[in-house]
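Listed in TrEMBL for this protein:
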- 204: active site, proton acceptor (ACT_SITE)
- 59, 122, 146, 147, 148: NAD(+) binding site (BINDING)
- 109, 115, 148, 179: substrate binding site (BINDING)
- 23-169: domain 'Lactate/malate dehydrogenase N-terminal' (DOMAIN)
- 173-347: domain 'Lactate/malate dehydrogenase C-terminal' (DOMAIN)
- 1-19: signal peptide (SIGNAL)
């Protein structure tokens, strides 16, 4: 009898110890970035190998037939962590009770479209999505904006969700961060994991500033400042910066499609670091609310800074020395963001 009770207890305990599923939405879920992203999320690469997931796939009505195909593929992967897949074109379904929101979908820039027209279209999208997050999602939801212009879209979403802390919103500059790390690694003849603490300052645009003044390269087991490891200041202040700034355009020129595989990997890196924290002594780049920063950046912006993350909370890395070269580039990308913000806020108030 005792043995039977013990067995029953173990069974109950085993069942009850399984984590509750988390709800994760991906917008633009029928698109190519999502196609590279969803498998990694569903198999546990982002939120943990023991974390069950309910995946919500949100897209516009014309994409629903494509979304059905994506759902079938996810089912056919037979992934043990994937509890449910919910395709929808309705924000009240897509944003209900969310733990995490990955906002990939946005209006892409079309030929002949002026930047202000692009901003106007995206303000409407991210105002709607921010309002839906405010109304339907958990107040603890972590929101990552990927759709461009990512920084300003993130700001609009945050302003449209006043009951969710601004610190819960971030935009993706991890792709730029990864690009910068990889360029330095290739230059030094080491693997990318041997490079740490590069910084992307500012906007996810061609004005962004990839900065390696505080980066380290592990050469033969010893951490070396990136400038000493690369030994080519002309490259670091010239071609390195422009390569990272213009990498997206270079990929489009070569592939005839935008970055999808690398963007999906960066999204996974970003969200995994939010969930599990950054490594001791390392910081990463993400676009966050600039309030309280010590670098002289205007406060009402989403601006990419170096951050450390612990307990699902990011903290800006303060006290890094900024030389005149860096200062000018940090201010230039901030000026672009201020102009974007002011244009977007005009549209938001209409």
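Note: Cβ is positioned from N, Cα and C throughout, glycine not excepted.
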Rounded Cα separation (Å) that holds between residue 122 (NAD(+) binding site) and residue 109 (substrate binding site)
10
Tell me the Cβ contacts of residue 148 (NAD(+) binding site) under 8 Å, same chain only and six or more apart in sequence, or just say none.
106, 108, 109, 204
Between residue 179 (substrate binding site) and residue 147 (NAD(+) binding site), what C-alpha distance do you get in Å?
18
For residue 115 (substrate binding site), the one of 59, 146, 147 that lies nearest, given that the binding-site residues are compared by Cα:
147
Excluding near sequence neighbours, so keeping only residues 6 or more apart in the same chain, what lies with its CB under 8 A of residue 146 (NAD(+) binding site)?
33, 102, 103, 104, 106, 171, 172, 263, 267
Least Cβ-packed of the binding-site residues 115, 179 (other Cβ atoms within 10 Å) is 115
Among 109, 115, 148, 179, the record's substrate binders - longest CA distance, Å
25
Taking the residues 59, 122, 146, 147, 148 listed for NAD(+), what is the greatest CA to CA distance in Å, to the nearest whole number?
16
Other CB atoms within 10 A, centred on residue 109 (substrate binding site):
15
